[in-house]
Amino acid sequence: MSDLRATRLEKALQLRELGFEPYAYRWDCSHSAAQLQALYADLPAGEEVAVEVAIAGRIMARRVFGKLAFFTLQDESGQIQLYLEKQRLSESMAAIDAEAFSHLKALTDVGDILGVKGSVRRTEKGELSIAVDQYAILTKSLQPLPDKWHGLTDVEKRYRQRYVDLIVNPEVRETFRRRAKITAAIRRHLEDQGFIEIETPVLQAEAGGAEARPFITYHNTLELDLYLRIATELHLKRLIVGGFEKVFELGRIFRNEGISTRHNPEFTSIEVYQAYADYEDMMRLTETLIAQVAEQVVGSLQVPYQGQTIDLAPPWKRATMAELVLAATGIDFESLKDLEAGIAAVKAAGIPVPEDCPNLGKLLNHCFEEKVEATLIQPTFVIDYPVEISPLAKPHRSKPGLVERFELFIVGRETANSFSELTDPVDQRQRLEAQAADKAAGNVEANDVDEDFLLALEHGMPPTGGLGIGIDRLVMLLTDSPSIRDVIAFPLLRPEASSEEAEA
């Protein structure tokens, strides 16, 4: 590799000696590759159009013969062939470079970025091409592209060198184009419904809005520990208190947690809050939002995912957590009187009981995660959660011990989370103080009491429905991607081992 780099570096020096800058400033393009392919799709073989076009892109393949060369040029839109003829270049570039064809053969490589001008022709073999009259090497690449990138078994190398992955894999570029369309469609749908997006702080004095371990940083001037936000919830609720009735924020969230095919410490979510609404309203919003985005981006409500077809046509299935656990395990949590009876029933069903399980609510959730979650392939709203695992949700209006909360599961993954939001400041204080006690007892995912948030609630927050959607997981679904790292352009990875460490 170092020899190849040295050879290419020498070519860059030769270009400078010839008076050509190998790292150009600009190039005027008249068309993209895709535009030319569409515009001249009906051009017959052997014909040429006497209209000058200009294009730029990366050389992806080159075949050089005696007095003729064929390059494949790739820009963001696609590829097109370059037809490079010695005599034609010698005549058209005589004033610029009398040895234009020789220098083209000797000083260009696959991976270089080239600008060309010429006319469009279709070869006798039927390949649409640009018959080049003038070219310029716009960027001399020093690193060769991998010959068999598709066959690499080291998947992490694709993530580490995403720029190369994007160059050689058009389907990867399409994933990120689709991601951009998804986020744009989400924003458009919410704005059409009267919501506005307001940005909230990334650096926060108190971590809150979720149970998660935060990243901690330090502000030198204020001499203050700060947290990277683990949710946008508490600040968006302050906006509801302040008089905004429909707000959302789509942005980055940071949680100091593990890495897996479903989790990245830095991820994207959207949180939506609507005054005078409840979790039933949020279910309807979630259905219509995701269905509309799928139709706009995928073109269908029947979405293929890893060999399965996911039907996103509303209405989606609704079931309580207790109903789903009963169906999967035979355990009727609604009839259990105390934790001791619950543990006995769970053990009798052959489900391992975690050591730290202080109440029936957490035991129910444990059974759900063990036996139900992975089976929820088609869109399912799991509703009515235990109060013990939902510190920010309003008590259920007719079911003691439960809260008005749902989570949306698709392909066995949580995709959205929603509450009828807790607006009682006294109840909220009790729950946050219980969470703070958990933190003091060693729970790294629990948080301290956010006194300013409680003060905001004491000024009066209207009935509110809240919703959070994991954007990365939604993009995974709508791009048929098995790993979250496939839909994050630059995912966090473990440091690469040095050559000495690898040998050891």
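In case you wondered, yes, glycine gets a Cβ from its N, Cα and C as well.
The Mg(2+) 1 binding site annotation in Swiss-Prot covers Glu407, Glu414 and is backed by sequence analysis. Within 10 Å of the Cβ of Glu414 (Mg(2+) 1 binding site) there are 17 other Cβ atoms, across all protein chains.
DSSP assigns Glu414 (Mg(2+) 1 binding site) to a strand segment in the three-state reduction. Residues annotated as Mg(2+) 2 binding site in Swiss-Prot, with sequence analysis given as evidence: Glu414.
Glu407 (Mg(2+) 1 binding site) falls within a strand when secondary structure is assigned with DSSP.
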